[in-house]
Every structure is written in C-alpha cells, then in structure tokens.
Amino acid sequence: MKINKKVVILSGLIIVSSIYSFIFFKNTQSIYTTGDLSFHLSRIKGLSTIFTSPINYETFNYTGYGVNYFYPFLTFFPAVMLYWMTKNLIVSYIIYVWLLNLCTTLVAYHYGERFLKQKKAAFLFSCLYIFSAYRTVDIYYRSAIAEAIAITLVIPVLFYAYQIISGKEEKYPSVKLALSMSLLVYSHVLSTLMSTALIIIFIFIRLVSKGFKNADFIAIFKKLFSAAGMTLVLTSAFWYPMFEQMLYQKINKPSVTNLYAHASNVFDSLTEAMNNDLTTYSMGLVGLLSLCIPLILFKKLTNIEKKIYYGTCLTWLATTSLVPWYLLQNTPAKLLQFPWRILSLQIIFSSLILTMIFFKNRRYNKTRELFYLFMTVLLLITLTVSSKKNFNQKIISQPGHIVVNKETVEAYTTKGMDYFLYDYSPIASLENKEHIIKHEAKIGSQWVNLPYKTTGSSIIYRVTNEKSQVITLPVYAYLGTNVEINHQPVKEQVNANGLVQISGVKGVADIKVSTSYTVTTIISYLVTLTAYLCLFFKIVFHKR
C-alpha cells in the first residue's frame, strides 16, 4: 500500500504544532502569563457584539473604549467565533492559539517548499520557525497575539515581494502580495511597517546587484505600485474608520519609549540566547546557532545563502545597542517602541539558513536523512520542554504577572481592566482620568457614582436630579455616539472634553449611551468586501 506523502506531512505538522501548544497550555482552566492577555481577552469579549455596535460597553471598565477603531481585528475574529461557541474566554483563547500554531506550521511549510524546492526542507523550516524562541515569547510570555499572527503572515508577504523584486515567474504576483499584505495590516500595523521597510531594503539590494537594468526597475515598480494600491483598497475597512475618528477629535496615541534604553546589550543578548530564556526578548539557542554554524561553513555557502546569513546577523544586530538608536528617537523609527521587535524578522532568516545548511551537500541515504530530521525536531521539543520548566519558575516573579482563571477572568476584562484605558482615548478626556477609572459621573460640579447596567452594545445610567443640571458620564464619546433620555434621542452635541455630556436633565431619568456605525464607515466595509470578492473570483476563474 502506497503511503500518501501529503497526508504524512500534514499529520506530522498537526502533531508537531499540537505538541508545541500542549507544552504551554496543558490546563484549559487557567493561564499564567504577563503582558497583554487581559487586553486581548477583552478584545474577544468586546468583538462579540461587533455586528450591532463598534463599541462594547461591558469591557474596559465599562468606559465605551473605542479600541476597535484603532486596532485591527479581522484575523483575530476566529477567536470571537470560538467564544460564541464555547461561552468561555479562556478556552476560546487556548483553542485559537492552537489553531494559530497549526496555521503557522502550514504557512511556513507551504512557502518553505516553494522557496527551498524540497518537502523535507520545508518541514524542518516550519518546525524551526514555530519553535523559535522569540515567537514563543510573543505568544506565551508577552501574550502579544496580534504580533504572533503577524509572524505567520509576514512569510507570504516577504515571499511574494521577493518573487516580484527578483523577477521570478508568478501568476498574479501583485494580487497575491496585496492579499497577504492586507491580512498583515488587519493583524498588526507595526509589523506591516517593519515588513515594508525590509521590502525597501530588498529593492535597494536588487538595484545595486550586477546585471540590473532600468527595464527591470520599471517592471518591479509597476507590480509593487499595483500591490500597494490594491492593499489600500482592501484595508479601507480599517484605515478609513480610524482616520475618521482622528479627524473628529484628537486621539491619545500609544506611549513613545526610549529606543536606546530598550535595545539589548550584545553580551546580555548572547547570554540570554544561550540559556534559551523564554522570559527575555532574545533569539534563543536556535537563533544563536544560526549565527555560529554558517560562520564556520561560510566559504561553502552559495550567494543566496550568504545573503540570508547576512540577513540573520543584521536583524539580530539591529536589536542591540550597537545601533545608535538615540539618533533615531525623533524619526518614524520611534513607532517601533522596542528594537527587539525586529527579532520577528530575524527568525525567518535564521530558520532558513539552518535549514539550508542541514540539507547542504547531503551524503547519506533517505532513511538516515529522515532519522536526522526526526531527531532534530525531537531536540526542538526537548529544548522547549526544558525551557518551559525555567519559564514556570521565573514567570511568577515577573512584573505584571497575572493568573487568568474562572474566578479572575471577569475582573481582568471588565471593571478591573484599567491598564489600557488611555491609548486611543480622546485626549481631552485625560484630564478626568482619575474619575474615569473610578467610574464616577459628574452632576453639576460634583463627581458621584451612579447606578448603571450594560447590554453589551449600550450602557444605561439611572439619574435622579431635583433640578436641571449638566451631567458628564465616565464614557468616551466618539463619532457615532448616541444618547437617549427615557427612550428619547438627544439631538444636541453629546461630546464634551471627550466624554458623554448631557444638559438639562431633571427628575428621574434613564440615560442610554450607544454607538452606531457612520454611513461612510459602512461604505468602507462594502468597498473592502467587494475588493476581496473581485480578487478572489479573478484568481479562481483564472485557474479554470
């Protein structure tokens, strides 16, 4: 009986990604972590009402926080669908992470095979990529799920960009690059900017390479310009509502960090990598090997292998204090916040170069080759299990360490969720942030606590006033915010200093606050949907 290779490979990838997931998430009832987990669990809960309102009033301390305007969520939405099915935030998140790990192995394998031209090499590349230390830190230590999604999608983005820039044959390269880039935008904007910067470097390398002609540049420019235009249309559902809100009022941007202060010391970076410490932002032991082994065999490397090795070294060096980051502090580079984020690109180069060396000048038969491949994957699993033990011991003492379980999940996603309340909030509201965090309303000149209830897509306050007074609620007011008093819509302006404010309220009144989509936002969604459908049918009908 002939064994189907595709079935064997697919089964292997599922098993490997499942083992990797199980190492960190054995318990489906609680999660030990630091970083952004409470933020992303709140996003899942908040997105559960996205079809009725752009804002959920049961999350982020009941403030009507407009995170969905400024933080893309399309590729994160499967977690919401899982939440609808399970009614359990922790379980839905864990299942989503497992699916993400599986998708990452499949994506890495597919594009690894296309680039490396060999199934076994693609399998190893996929395993090295999924087990990479920085990716592991991103998911299980930082809980930076958006960046982890981007780590999956950056592979097709760079692959199709490489195909265009190097002049490789590819059907609809601009369309495929645009589709990949749009999904990256809908995952993590900063990763999109980093990938774009790397693509620009690819273009520069191509320009200075031998045999490059002006005609080549024109062809490359046309394809990349076409891809950029299509990406702009495909992502209008994200950027249009965001800019619409920013034009309506000034929005508080995420904090700017000191780049040089967050750059790694070279010695510390190498030490942390050697220890494969999953509570630090390092390239890990595998990343360290990707610096050392190719150096030993450097004279035997081909031209493309040398370029990939240079990419491995330079993307690591870029995370260190050897780069004069202080000179870039007042440039667009400040958006990076943390230089170690560049490791999300380094793991592509490191996984590629190690795979290429593994299969370079093979002198053993297929059986022995499979044995060595199996042992390498087993070593990756063993290394991760060993590092996880150290991770368990150290994470408890880490700043910001949290335990999310059945008893604490509600607090971390509702009234206890105050850490992220001010990024993307109206700047004018910040002068009252001490009252916002206490959920105090202002009646006349006095701040008090009012009774309220939420329904997901709205929040209702009960007010008792002996005389007509101005009332300011601890709820953010964005474009599209609506107010009803005793079921009667308020037609006057309800935004004052970035918060909901109503005047002339007297007696007993129920004040209902909700948010609706603007007409132009709905149009941007329709434009995006139409664009995706057009490109989908173009590719499908072309194949036929």
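Each residue, glycine too, has its Cβ placed from N, Cα and C.
Sequence annotations record features per position, and here TrEMBL assigns transmembrane segment to 7-25, 69-86, 93-109, 121-137, 144-165, 185-208, 220-240, 278-297, 309-328, 340-358, 370-387, 522-541. Residues or ranges marked as domain 'Membrane protein 6-pyruvoyl-tetrahydropterin synthase-related' by TrEMBL: 70-392.
With respect to Cβ pairs under 8 Å, the transmembrane segment (69-86) is most closely packed against 144-165, considering the stretches 7-25, 121-137, 144-165, 278-297, 370-387. For the transmembrane segment (220-240), the residues of the chain that approach it from at least six positions outside its boundaries are 72, 74, 160-161, 164-165, 167, 173-175, 177-179, 181-182, 185-186, 199, 203, 206, 520-521, 524-525, 527-529, 531-532, 535, judged by C-beta separation under 8 angstroms. On the 0 to 100 pLDDT scale, the domain 'Membrane protein 6-pyruvoyl-tetrahydropterin synthase-related' (70-392) averages 93 in the predicted structure. Of the Cβ pairs linking the transmembrane segment (185-208) with the transmembrane segment (144-165) and spaced 6 or more residues apart, 3 or more are under 8 Å, so the two regions touch. Segment contact is absent for the transmembrane segment (370-387) and the transmembrane segment (93-109), given fewer than three CB pairs below 8 angstroms at sequence separation of 6 or more. Within the chain carrying the transmembrane segment (93-109), a Cβ under 8 angstroms from the stretch's Cβ atoms is held by residues 9, 13-14, 16-18, 20-21, 25, 28, 31, 37, 40-41, 44, 78-79, 82, 86, 122-123, 125-127, 129-130, 135, 139, 145, 148-149, 151-153, 155-156, 351, all 6 or more beyond its ends. At the 8 Å Cβ cutoff, the transmembrane segment (340-358) and the transmembrane segment (522-541) share fewer than 3 close pairs (sequence separation 6 or more) and do not count as touching. For the transmembrane segment (144-165), same-chain residues at least 6 beyond its ends with a Cβ under 8 Å from one of its own Cβ atoms are 35-36, 40, 71-72, 75-76, 96-97, 100, 103-104, 107-108, 111, 114-115, 129, 135, 138, 173-174, 176-177, 180-181, 183-184, 187-188, 190-192, 195, 198-199, 202-203, 206, 220, 223-224, 227, 341, 344-345, 347-348.
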